[in-house]
Structure formats: C-alpha cells, structure tokens
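Student: Just dropping this structure here.
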Amino acid sequence: MVLSPTDKSNVKATWAKIGNHGAEYGAEALERMFMNFPSTKTYFPHFDLGHDSAQVKGHGKKVADALTKAVGHMDNLLDALSDLSDLHAHKLRVDPANFKLLSHCLLVTLALHLPAEFTPSVHASLDKFLASVSTVLTSKYR
C-alpha cells in the first residue's frame, strides 16, 4: 500500500503528538487486544497479562519503538522492519491476522487519547500506515 504525501504528513504529525506516551499507548493497545481477542494471549504464555503488568508495558514499549522506527522510514519499511519480520515469521510464528487486530486496537487507543487530532483523514492515514507495517511484518511468511 502506497502512502501519499498527505498520509505521511498525517502519520508524522500524529506520532509527534504521541511524544513520550508511546510505550504507555502501546501497552494499552496490547491490553485491549488481549481483552477483546483472547486468542492472541497464546503467544504470551510466559507473561503476566494482568492490568498494569510490567511485561505488557515492556512489550508495549517494543511495539511503540518499532512503530517509531517505521514512522522514520516510511519510504523503506521493508528494510527498516526486516529483522522484525524475520522474528515474527520464523521464530515467534505469530498468526499474521494478529497484526490487523493489534492495528485496530492501536487506532482505538490513539482515538481515545488524541480525539482532537483523530480526524477522518488522520484515521485513514494511520490505518493505511499500520496496514503497510503489517504487510511488511508478514512478508517473510511466504
């Protein structure tokens, strides 16, 4: 999926507003995913998945850091996320459908925390961006 200049601008502007809340929002999105899509818990059998879990917060930071990297490399997501794609496809063997679920939960989380910024245009741009990231993360499954 090709991101237009407007999409890229919307994503960068929104990500800048997230500021130092990335880890917090990442953890909140994961917690939301675990509550609403319980099958996703199977990939974290060693985690305490309770509210305010340090392990979920730590993984939320990893998610946020990966997305921050992706925001900085929107023109070359394939190279920027190649290692993560390998990890999820070959070592962790995450069901590719879970990326869409997490993307949805991230969008909900961002809409809740940034209601003024979450216009229909920004929503569409973030959705396209997260779909592009998901496509890259599942590219090594084939």
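Start at 1 and count along the chain as shown; that gives each residue its number.
Here the Cβ of each residue, glycine as well, is placed from N, Cα and C on the backbone.
Feature list, courtesy of Swiss-Prot:
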- His59: O2 binding site (BINDING)
- His88: heme b binding site (BINDING)
- 2-142: domain 'Globin' (DOMAIN)
- Lys8: N6-succinyllysine (MOD_RES)
- Lys12: N6-succinyllysine (MOD_RES)
- Lys17: N6-acetyllysine (MOD_RES)
- Lys17: N6-succinyllysine (MOD_RES)
- Tyr25: phosphotyrosine (MOD_RES)
- Lys41: N6-succinyllysine (MOD_RES)
- Ser103: phosphoserine (MOD_RES)
- Ser125: phosphoserine (MOD_RES)
- Ser132: phosphoserine (MOD_RES)
- Thr135: phosphothreonine (MOD_RES)
- Thr138: phosphothreonine (MOD_RES)
- Ser139: phosphoserine (MOD_RES)
Student: Just to confirm my parser: what is the rounded mean pLDDT across the domain 'Globin' (2-142)?
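Tutor: The average pLDDT of the model in the domain 'Globin' (2-142) works out to 93.
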Student: Quick one: what's DSSP say for Lys12 (N6-succinyllysine), helix, strand or coil?
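Tutor: Assignment for Lys12 (N6-succinyllysine) reads helix.
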Student: I need the least crowded one of these recorded positions (Lys8, Lys41, His59), counting other C-beta atoms within 10 angstroms of each C-beta.
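Tutor: Comparing Cβ neighbour counts within 10 Å for the recorded positions Lys8, Lys41, His59 gives Lys41.
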Student: Calculate the distance in Å between the alpha carbons (Cα) of Lys8 (N6-succinyllysine) and the residue listed as 'heme b binding site', and round it to a whole number.
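Tutor: A Cα-Cα distance of 25 Å.
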Student: What is the interatomic distance between the Cα atoms of Ser125 (phosphoserine) and the residue listed as 'N6-acetyllysine', given in whole Å?
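Tutor: Cα-Cα distance, Ser125 (phosphoserine) to the residue listed as 'N6-acetyllysine': 15 Å.
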Student: Taking the Cβ of Thr135 (phosphothreonine) as the centre, count every other Cβ atom within 10 Å, in any protein chain shown.
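Tutor: Result for Thr135 (phosphothreonine): 16 other Cβ atoms within 10 Å.
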Student: Could you measure between the residue listed as 'phosphotyrosine' and Lys17 (N6-acetyllysine) for me? Cα positions, answer in whole angstrom.
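Tutor: Distance between the two Cα atoms comes out at 12 Å.
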Student: Rounded to a whole angstrom, what is the C-alpha distance between Ser103 (phosphoserine) and Ser132 (phosphoserine)?
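Tutor: The Cα atom of Ser103 (phosphoserine) is 10 Å away from the Cα atom of Ser132 (phosphoserine).
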Student: About how far apart, in whole Å, are the alpha carbons (Cα) of His88 (heme b binding site) and Thr138 (phosphothreonine)?
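Tutor: Each residue's Cα considered, His88 (heme b binding site) and Thr138 (phosphothreonine) end up 8 Å apart.
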Student: Using a 10 Å cut-off, grab the number of neighbouring Cβ atoms around the Cβ of Thr138 (phosphothreonine), all chains included.
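Tutor: Taking every protein chain into account, the count is 19.
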